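**Q** Below are the structure tokens for one structure; questions will follow.
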Amino acid sequence: MSFSCSGKDLSLWREQAKQQAIAASISVKEVDWLLIEVTDLDSLALRLESFKQRSQIFLKYDLDQLTQLWRKRTQNRIPLQYLIGQTHWRSYLLNVSPAVLIPRPETELIIDNALKAVQNSSLDLSTGIWVDLGTGSGAIAIALAESLTKAKIYATDTSSEAIAIAQENINRLGFAERIQLLQGSWWTPLEAFKGEGLSPPPACGACTPRQISGMISNPPYIPSQIIPTLQPEVAAYEPKIALDGGEDGLDAIRYLVQSAPDYLHSGGIWLIEMMAGQGEQVMRLLEEQGNYCNIQIINDLAGFDRFVLAYRR
Ligand SMILES: C[S@@+](CC[C@H](N)C(=O)[O-])C[C@H]1O[C@@H](n2cnc3c(N)ncnc32)[C@H](O)[C@@H]1O
């Protein structure tokens, strides 16, 4: 922290920033979130306003620079997470950049759903190979590695910039031994795990067994024509490749339905996040594919259909 100001000056700055947030219909909580990231204050000091009495508060920027940064939030609508380069997701502080989607709170549930699916299986899926396809910041892969302590995790993304951010997060959080990142389209970097076997190894003798215990993906699923109507923070700043699911939003999901049976061993888990309202269509795609069973639509906490779970026959 190379700069300092008085508590009184920071308090004035904070009040002004809150007014600007209200005028721009941005949550005032973001002001304190920014201050926690760029000053030596914690949330309690801000909530109790005890900092006002301090003669010196240390900051990463001077107050003019902080004002410029806040303007980028209120006027240019750049997401705060991109401005500070980090976001909180589950128990992790993750690096983010405009090359990756900002991991969403609702995506936290995909991990809980995966763990429940493991518990409900008669096979021991917790020790196998799991994949996170379209890993972005690496959020899902990291949470999987922490929860499934004996599993080996592979994570792919077509974006080399996303892979670089994911690698930073994986290294910083201590999962480099557990998660292997691979750049490429969906399953392509995982061709070595493709197989023909009917059961988990080693049951199928001469043929190559399919080896994957679980596939998780939060793929792009927003219909192309909806993207320009989303809030500017998303439409203008989050990567199109992370959002755009093609004409009906289902391009990537359709591909994952068709391709996963070549990789998942019998009883393996197929679990994706999708947009509310896509559940019935995804369920139909899985049924028509013919290699899945126990297909379930799972709602989020608000009761919207946001996930689909299936098991490889
Ligand atoms: C909705 S974002 C999800 C990111 C992260 N898993 C999360 O939940 O925050 C979708 C991700 O899929 C990646 N992606 C898009 N097309 C892909 C492809 N053909 N192969 C692999 N990844 C792809 C994007 O780069 C992006 O990181």
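Note: Cβ is positioned from N, Cα and C throughout, glycine not excepted.
Any TrEMBL annotation is an automated prediction that lacks curation.
Okay, these came from TrEMBL:
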DOMAIN    131-187  domain 'Methyltransferase'
BINDING   GLY134, THR135, GLY136, SER137, GLY138, ASP157, TRP186, ASN218  S-adenosyl-L-methionine binding site
BINDING   ASN218, PRO219, PRO220, TYR221  substrate binding site
**Q** In Å, rounded, how far does the Cα of GLY138 (S-adenosyl-L-methionine binding site) sit from the Cα of TYR221 (substrate binding site)?
**A** 18
**Q** Using DSSP, what's the helix, strand and coil tally for the domain 'Methyltransferase' (131-187)?
**A** 22 helix, 14 strand, 21 coil
**Q** If you count other CB atoms within 10 A of each CB, which of THR135, SER137, ASN218 wins among these binding-site residues?
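**A** Result for the most crowded candidate: THR135.
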**Q** Quick one: which residues besides ASN218, PRO219, PRO220, TYR221 have a Cβ within 8 Å of the substrate site's Cβ centroid, in sequence order?
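**A** Leaving out the recorded residues gives GLY134, SER217, ILE222, ALA242, LEU243, GLY245, ALA252, ILE253, ILE272, GLU273, MET274.
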**Q** Which one, from the binding-site residues GLY136, GLY138, PRO220, has the smallest tally of other C-beta atoms lying within 10 Å of its C-beta?
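**A** Across GLY136, GLY138, PRO220, these binding-site residues, the one with fewest Cβ atoms within 10 Å is PRO220.
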**Q** What is the average pLDDT across the domain 'Methyltransferase' (131-187)?
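**A** A mean pLDDT of 98 is what the predicted model shows over the domain 'Methyltransferase' (131-187).
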**Q** Neighbour count first, Cβ atoms within 10 Å, every protein chain included; then name which of GLY134, PRO219 tops the list of binding-site residues.
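**A** The residue with the densest Cβ neighbourhood is GLY134.
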**Q** Within 10 Å of GLY134 (S-adenosyl-L-methionine binding site), Cα to Cα, which of the binding-site residues PRO219, PRO220, TYR221 are there?
**A** PRO219, PRO220
**Q** Could you tell me the maximum Cα-Cα distance in Å between the residues recorded as binding S-adenosyl-L-methionine, namely GLY134, THR135, GLY136, SER137, GLY138, ASP157, TRP186, ASN218, rounded to a whole number?
**A** 15
**Q** Among all the protein chains here, how many other CB atoms are within 10 A of the CB of TYR221 (substrate binding site)?
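**A** The answer is 22.
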